[in-house]
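Engineer: A single structure is presented below for examination.
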Amino acid sequence: MASFPLSVNEKLIARSRTVGELLAPTSPFDKKCGRENWTVAFAPDGSYFAWSQGHRIVKLVPWSQCLNNFLLHGTKNVANSISTRLPRQNSDSGQKNKPCEHIIDCGDIVWSLAFGSSVPEKQSRCVNIEWHRFKFGQDQLLLATGLNNGRIKIWDVYTGKLLLNLMDHTEVVRDLTFAPDGSLILVSASRDKTLRVWDLKDDGNMMKVLRGHQNWVYGCAFSPDSSILCSVGASKAVFLWDMDKYSMIRKLEGHHNDVVACEFSPDGALLATASYDTRVYVWDPHLGVILMEFGHLFPPPTPIFAGGANDRWVRSVSFSHDGLHIASLADDKMVRFWRIDEEYPVQVAPLNNGLCCTFSTDGSVLAAGQDGSVYFWATPRQVSSLQHLCRMAIRRVMPTSQVKNLPIPSKVVEFLCYQI
């Protein structure tokens, strides 16, 4: 966590406050196979945090107790020592009342993680699940792990037990995402150039294969109402899919190099994508237009050189739950926090070899993975404007086109839309 260079525009930007660290233990074989940490994840209800330690091992820890440890013992924390302070349970009774740590050996290198809950994140769509055979509990919480050999293993978070082993991909499973509507529909993105849709309430049945990418698929993300899926990959690809019809809606054009990460805003009105072209774009996915560009190289590279600035490749992007902030992680050893309406970061933090980042469920903390360990920072806390709160409220229930057609004064329509 050494000092890092700042551009002229960033010299006066505040540094984010470190909240804590989970440091992975060192092993003799670490130097042979590397310890890239490609994935970190928070459970939808904020109860658990999981991360890949760079090989086959995934650590699963109760998040509230993890925070308490940071407060009690300072920011540093060795991952293996957490078990001495967190309760372990061997019986199945009372699991949900006393969350416990689990160490999961996935049998192969882990590239992706995703939590899935049978409890909807919000009551946005009616899901008919009466015909499903494989009955889960009313508050089932699952962890999906995507592996180097193309397999996806599904684990019970409360017990740490393996539930399902999905085996249709032929290459690395690069990303995973669950529908937020509680349906336990899982989408996987793979280097075999496909996305696959799985129904975990139907014994893990593979429902559909989405084809359209001509190269590796790096990432995928559901819209908050579960109706749209975004997928990103090599060759500048950004695709939007209708998840009711399993058909492609449109391809978003604008990036100049591989696109490696994507995430929707909490109201579904915006989409953030991160690319090796050193940029994060914020789109209106319903119109297919770029609303905002966050550059990580100044001046930004021209399209013909966009692939050459490999010390500024953007690796990850995450939308905060206030809908106002975005975090990005790049190869220049920096984590940046942006406001969606400002050109320069509002906070920065140092991080070497970072590959992934995500906001906590309540948006108060950002977690980022580095060499098998995880670092946590306090996120910017700002009061949202009345305009932003109004936009968030209405955009949760209708897309851009419907807002523009409302029988209200044009100035009010403008007030409610995210503008270029």
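Glycine is treated like the rest: Cβ placed from N, Cα and C.
TrEMBL lists these features:
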type: DOMAIN; residues: 376-420; note: domain 'SOCS box'
type: REPEAT; residues: 136-165; note: repeat 'WD'
type: REPEAT; residues: 166-208; note: repeat 'WD'
type: REPEAT; residues: 210-251; note: repeat 'WD'
type: REPEAT; residues: 252-284; note: repeat 'WD'
type: REPEAT; residues: 314-348; note: repeat 'WD'
Engineer: Which sequence positions outside the repeat 'WD' (210-251), separated from its termini by at least 6 residues, show Cβ-Cβ distances below 8 Å to it?
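Structural biologist: Sequence-distant neighbours of the repeat 'WD' (210-251): 121-122, 124-125, 174-181, 183, 185, 187-191, 193-197, 257-264, 266-268, 271, 273, 275, 283, 285, 288, 396.
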Engineer: Taking a Cβ cut-off under 8 Å, which residues six or more beyond the ends of the repeat 'WD' (252-284) line up next to it in the same chain?
Structural biologist: 218-225, 228, 230-240, 290-297, 300-301, 303, 306-307, 309-310, 312-319, 321-323, 326, 328, 330, 338, 340, 391-393, 395-396, 399-400, 418
Engineer: Sort out the residues at least 6 away from either end of the domain 'SOCS box' (376-420), same chain, that have Cβ-Cβ distances under 8 Å to it, and list them.
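Structural biologist: Distal contacts: 16-21, 70, 124, 224, 266-270, 284, 286-287, 289-291, 320, 322-325, 327, 335, 337, 339-340, 346-347, 349, 359, 363-368.
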Engineer: Average the pLDDT scores across the repeat 'WD' (166-208) and report the rounded value.
Structural biologist: 95
Engineer: Determine how many residues of the repeat 'WD' (210-251) DSSP places in helix, in strand and in coil.
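Structural biologist: Split by secondary structure, the repeat 'WD' (210-251) comes out as 0 helix, 25 strand, 17 coil.
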Engineer: With a Cβ cut-off under 8 Å, give me the same-chain residues at least six positions beyond the ends of the repeat 'WD' (166-208) that come close to it.
Structural biologist: 44, 111-122, 124-125, 127, 129, 132-136, 140, 142, 144-148, 150-154, 214-222, 224-226, 229, 231, 233, 241, 243, 246
